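Here's what TrEMBL has on this protein:
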type	residues	note
BINDING	G367, Q368, T369, G370, S371, G372, K373, T374	ATP binding site
COILED	107-267	coiled coil
COMPBIAS	288-297	compositional bias 'Low complexity'
DOMAIN	267-620	domain 'Kinesin motor'
REGION	1-26	region 'Disordered'
REGION	61-92	region 'Disordered'
REGION	283-329	region 'Disordered'
Amino acid sequence: MEEDLEPEKKRTRGLGTKVATSRPRATALTTVPQTQGQTAVPKVPRKTGPRCSAAIATVLKNQKPGPAVPAQKPGTTAAPPVVGRKKPSKRPAWDLKGQLCDLNAELKCCRERTQMLDQENQQLRNQLREAQQQATALGTERRTLEEELARMRAQAEQGQQELGNLSTRVLELEERLGTQEGLVQELQKEQLELQEERRGLAAQLEEQERRLQASEAALSGSQAELASLRQEAAAQADLLAKREERLHGLEMERRRLHNQLQELKGNVRVFCRVRPVLPGESTPPPGFLLFPSGPSGPSDPPTRLSLSRSDERRGTLSGAPAAPTRHDFSFDRVFPPGSGQDEVFEEISMLVQSALDGYPVCIFAYGQTGSGKTFTMEGGPGGDPQVEGLIPRALRHLFSVAQELSGQGWTYSFVASYVEIYNETVRDLLATGTRKGHGGECEIRRAGPGSEELTVTNARYVPVSCEREVEALLHLARQNRAVARTAQNERSSRSHSVFQLQISGEHAGRGLQCAAPLSLVDLAGSERLDPGLALGPGERERLRETQAINSSLSTLGLVIMALSNKESHVPYRNSKLTYLLQNSLGGSAKMLMFVNISPLEENVSESLNSLRFASKVNQCVIGTAQANRK
């Protein structure tokens with residue numbers, strides 16, 4: 001709108017006229033030179049008649065004075081029309097400060113335009129006042145001219161032409177005056193609109209200022225709340241640090257009490273497990289195996305086992321059948337045939353927990369062929385979770401507890417190895433490719449000069465972190481293990497399998513470290529030579545296998561007895577089995593032996609031998625276990 005009004009303003013400024021008064025004797029009518037589109041009024045002859053004087057008086061009376069236009073200074077040019085400013089891009093709703101700045105700038109422009117219009121209005125008023133003065137002067141001159149009209153009648157004929165020209169000029173001036181009055185009305189109307197717009201902008205500015213004040217108040221409240229939350233967070237962090245310190249102390253106390261509990265149970269414990277009768281096997285006679293109740297009755301877990309054996313030779317000498325002989329045994333825990341894998345693992349889970357605390361732990365299954373040793377350690381086929389063995393359950397338990405301890409700052413790593421000792425030769429059960437089945441490459445060596453840690457050369461040590469990786473290793477080891485048919489079992493393990501898990505824990509925040517091995521051993525069948533000897537041309541190899549197995553089992557018994565008796569020399573090196581388990585059998589370790597027996601009467605001789613060996617081990621007491629911490 002401002003751009004459209006600029007030409008009209010310029011035209012308004014150029015309408016000013018100026019009438020000069022003549023000297024006392026001058027009768028000519030003169031006008032001020034006009035600007036922008038105005039033409040000069042021709043001079044009137046001095047001599048006019050009465051008619052001419054009356055016409056001139058009528059013209060001057062009807063002429064409306066135009067606004068005076070200020071003279072333009074020499075050497076200056078007219079100001080260019082104001083070009084409308086480009087509206088700024090719309091700001092986002094959240095930028096209240098930017099919107100307020102835009103409104104202030106727009107209000108400033110409106111004020112400048114209003115001021116300019118006020119100045120132009122004042123100029124127009126000044127021009128109108130000058131025109132009125134000129135009209136007064138013209139009135140005076142008119143009276144003078146009327147006085148001179150009598151003298152100018154003679155010149156009326158010559159002034160008729162000039163009078164017509166003046167009449168035309170007056171009409172043009174009146175038309176222009178009407179145009180200028182229309183422009184003035186339009187400007188006044190525009191001024192009213194601008195004033196209304198200014199009031200609207202002022203209201204918007206007030207609203208924006210009110211919203212800004214509300215935002216500032218909300219910001220102040222948020223800052224105060226933030227400061228309060230920061231103080232609360234600092235207090236919570238301090239409290240958390242104190243609770244972490246207390247939790248660490250409680251964890252250390254738990255480990256100490258846990259170790260005391262395990263020591264009270266015995267650093268050497270023996271569990272007896274009787275497998276159930278399998279389909280196709282003869283049911284044992286009543287009273288053959290009995291499980292007497294504990295001191296508190298049937299609610300106590302069984303710890304005793306009674307086995308009945310008839311002596312046919314003594315009955316033959318007396319002429320009458322002799323009464324069966326009962327053999328009573330007592331162990332730390334006895335699992336009847338109906339005991340499940342979960343019940344067995346629940347009893348040893350606390351011992352497995354000690355490995356995470358930095359105590360070497362060794363669990364091995366002992367017994368004749370077919371007594372359920374491999375089932376106890378590895379579980380049954382088919383991947384049924386109900387029949388999982390101790391190895392997968394123990395690793396699942398370790399992974400779960402390590403995850404819980406990670407919240408206290410502990411990080412654990414696990415490295416697994418699986419070897420078998422066959423005829424005093426170490427074989428890697430995790431070997432793949434061309435190395436599969438070659439045991440001569442593996443030897444038991446010290447990890448380094450002066451180190452007590454033992455390692456198997458050329459054996460795979462596989463980092464594990466989940467159950468799937470453990471299941472894959474067990475499946476591979478199950479395929480590589482040496483088995484053969486004997487008179488006791490169609491598929492008999494002819495080697496000792498040793499699954500070892502090296503556990504390393506670290507608490508970076510406190511600079512604590514612990515490391516310990518967990519050894520889970522499935523021993524070969526412990527039967528004597530005669531029951532396991534089958535006729536055939538290839539039985540010499542089976543004979544050598546049985547001799548090597550019995551020799552290593554005898555050495556295991558000697559090592560345990562030597563440790564119990566605190567002998568200066570412990571014959572670890574007499575067998576590859578005891579040499580490999582040296583760090584898991586000594587005074588700083590916790591040991592658990594499962595003696596697995598068959599429920600069949602035909603295996604009573606081997607069952608008695610296994611139970612007697614287990615009783616000897618159960619009587620051994622090894623020194624207090626020490627955690628491997630740094």
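Note that Cβ sites are derived from N, Cα and C of the backbone, with glycine treated the same way.
It should be emphasised that the depicted structure is a prediction, and the values quoted were computed from it without experimental measurement.
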Inset, instruction - Average the pLDDT scores across the coiled coil (107-267) and report the rounded value. - result: 86
Legend entry - Densest Cβ neighbourhood among G367, G370, G372 (binding-site residues), 10 Å radius: G367
Legend entry - Chain-internal residues near S371 (ATP binding site), provided their CB is under 8 angstroms and they sit 6+ positions away: R275, N596, I597, S598, N603, S607, S610
